[in-house]
Amino acid sequence: MKTPSLTGPVFFTTPKFARLRFAFKLSFAIVLSLFLGFHLQLETPRWSVLTAAIVAAGPAFAAGGEPFSGAIRHRGMLRVVGTFIGCIGALIIIIATVRAPVVMLMLCCIWAGLCTWVSSLVKVENAYVFGLAGYTTLIIIVSTQGTPLLTPQFAVERCSEIVLGIVCAILADLLFSPRSIKQDVDRSMGELLVDQYRLLQLSMSGAEKETIDAAWHALVRKTTALSGMRSSLMLESSRWQNSNRRLTSLHTQSLTMITQACETYLVLQDAPTPVKSSLKLVLDQPVESFRDVHCRVKALRHLIAADSRDVPPTLVSWVGAATRYLLLAKGVQTNGRITTIEADVLNSEVEIKAPSAETHHAMINGLRTGVATALGCLFWLSTGWTSGSVCMVMIAVVTSLAMRLPNPQMMAKDFLFGTIYALPLGALMFMFIMPSTQQSMLLLCLSLGAMAFFLGLEVQKRRLGSLGALASTINILVLDNPMTFHISQFLDSAIGQIIGCFLALMVILLIRDNTKAHTGRTLLNRFVYGAVSALTTNTTRRKENHLPALYQQLFLLLNRFPDDIAKYRLALWLIIMHQRLRTLDIPQNAALSAFHRQIRATAEQVILARRDTTRSRYFTQLLGELERYQQMLTEQQLPASVTAPVGRLTGILRDYQHALSN
């Protein structure tokens, strides 16, 4: 078998070339920021070099490879915003407490904890802004402890150096032709639809419960991943606006198909009914591609249109959602203008955003950052160590950035190992290589670029300590103007980094996050609220699309409780009940409308209750109200198709009352 040559067209499309391209991109960004920093006579070009390295390498470490187009630009813009917020916060704190340095440092620790708390509540994409704002304030205040009157000048210099580093990272990203995510979006849409059809086949054939669980579990993750790709596509270019709108609705259609397929399975399990031979003939045919599914959905649509008797309503709904999916997927592939039919689909529902269910988790994160920085501050003040400020800054950086991740301990370990690796690597650069390049700017750039190139390759492999080593090595190198080489200062800074990361890891380990059970219960009660909120006669409320918010909470549940299949099933049943109750033909009636509002208010009290006894009391009240509501529907002489789903929901809540209320 012939291997592709380095000059052949095949090599330029391989993952190996993408890794090499990113390593060159990272080296170019660092070298350019270093050269411009010295050329523009900046006081500390190290900050521009460090910024370029973090902005370029951070998304690559998160992605496990070269980031998609737009990711580095987005990261850079977030860093600009976070830096300005941090500078403003530092100026306000210094002006208010300039005569009380200890109070100033304590306020700075509280500010860092507050920013971490906010970053844990906002979207993951925007959390970087607030984490950065917290430790930027700390850096400025710590760096100007001896000369507070120079704070405005220092803040302006830091902002200038950071903006220069961001500009260099963005220029490098543009010059080295970042890869577009569009092809991955098109491929993922096709694979997702094929998997959706296979889940329907499993549901109609009465497969094992474990097989169904594994299938819909994987589909939820793939649908969430496609939604994340949509965000990356918008970062790439504004020309994808129409595709973005289609992908938003396509996300809803995918979730609808998962729900309808699982409901079909439950319906057939409760009341097994033979499937029409014509439908069975189509459903039994295997599918391998997007085109195969298109043909099967078209055949199912024709069969249902010809004779819809004995066809499960959930199957009809699934085919309708699949038809809309196919329509939108074609529009995404072409990125053409939105047609009238597509506009009707896009405007048919109003998506509802879900509030954060991790408020207690966010408080723990803020407490960790505040306590860790306060301990670092006390350590610095009590010892008088010259590099105590470096230790304190590293504590703030690690705790601020690690808290938003699913595994903060692993992030802290990455920084700790990185600072340990940075000691010998930095010593090699500082003691031998950099002093030999003092007469040549070219040699200095080449040496730093070579180091960045090899570390860039390791960062893409998500090697433990690689990202921390890159940032820590640059941080302890004296890239100032003019450059000085003091061994004691270098060792103090290197050891200060290690101690700071170690203290941050100890705080994360000692202040345990015991909010997991609370978050899980809150999420499950949000599903209960989502189910009962579907009971309404208000046409505006009926158009509200809660499905993306409910599945977003389900995805969070999957991440927080990766092995608790019982929680997943309960959550999925409640989502199915939401969809079923949403389609009920409830007549306009003032008494029923008032009861709907009362049920929603009680369900909200279940979520807000802080004590188990209070929550249990409101939950019992909710069950009583649902039973009374079912009686009211019966008194209205409504058919069983309306009253039975309410009874089914009441039965589910009664069976799981202990898990939902205690």
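Backbone N, Cα and C define each Cβ position, glycine as well.
The transmembrane segment annotation in Swiss-Prot covers 22-42 (among others).
Summarising the annotation, Swiss-Prot assigns transmembrane segment to 52-72 (among others) and lists sequence analysis as the type of evidence. Within its own chain, the transmembrane segment (52-72) is flanked in space by residues 15, 18-19, 21-22, 25-26, 29-30, 32-33, 79, 165-166, 168-170, 172-173, 178-181, 184, 232, 234-237, 452, 455-456, 459-462, 466-467, 470-471, 474, which lie at least six positions past its ends and keep a Cβ under 8 Å from the stretch.
The transmembrane segment annotation in Swiss-Prot covers 76-96 (among others).
Under the heading transmembrane segment, Swiss-Prot lists 102-122 (among others), citing sequence analysis as support.
Residues or ranges marked as transmembrane segment by Swiss-Prot on the basis of sequence analysis: 129-149 (among others). Listed as Cβ neighbours of the transmembrane segment (129-149) (distance under 8 Å, sequence separation of 6 or more from its ends, same chain) are residues 78-79, 81-83, 85-87, 89-90, 93-94, 98, 101, 104-105, 108-109, 111-116, 118-119, 122, 155, 158, 369, 373, 389, 392-393, 396-397, 400-401, 403-404.
According to Swiss-Prot, the feature transmembrane segment maps to 161-181 (among others), an assignment based on sequence analysis.
Under the heading transmembrane segment, Swiss-Prot lists 378-398 (among others). A Cβ distance under 8 Å defines the sequence-distant neighbours of the transmembrane segment (378-398), meaning residues of its chain 6+ beyond its ends; these are 102, 105, 112, 134-135, 138-139, 142-143, 145, 369, 372, 411-412, 415, 419, 489, 492-493, 495-497, 499-501, 503-505, 507.
Look at Swiss-Prot and you will find 415-435 (among others) tagged as transmembrane segment, backed by sequence analysis.
According to Swiss-Prot, the transmembrane segment annotation covers 439-459 (among others). Remote same-chain residues near the transmembrane segment (439-459) are listed as 19-20, 22-28, 30-31, 34-35, 38, 49, 53, 57, 60-61, 425, 429, 433, 466-467, 469-470, 473 (criterion: CB distance under 8 Å, separation of at least six residues from the stretch ends).
The transmembrane segment annotation in Swiss-Prot covers 467-487 (among others). For the transmembrane segment (467-487), same-chain residues at least 6 beyond its ends with a Cβ under 8 Å from one of its own Cβ atoms are 30, 34, 37-38, 41-46, 49-50, 53-54, 57-58, 61, 414-419, 421-422, 425-426, 429-431, 434-435, 438, 451-452, 455-456, 458-459, 493-494, 497, 501.
The transmembrane segment annotation in Swiss-Prot covers 491-511 (among others), and the record cites sequence analysis as its basis.
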Contact call for the transmembrane segment (22-42) against the transmembrane segment (161-181), three or more Cβ pairs under 8 Å: yes
Distal contacts, the transmembrane segment (76-96) - CB-CB under 8 A, six or more residues away: 51, 54-55, 104, 107-108, 111, 126, 128-137, 139-141, 144, 148, 151-152, 155, 158-159, 162-163, 166-167, 169-170
Sequence-remote partners of the transmembrane segment (491-511) [C-beta within less than 8 Å, at least six residues beyond its ends]: 364, 367-368, 371-372, 375-376, 379, 385-395, 398-399, 402, 408-409, 412-413, 415-416, 418-420, 422-423, 426-427, 468, 472, 475-476
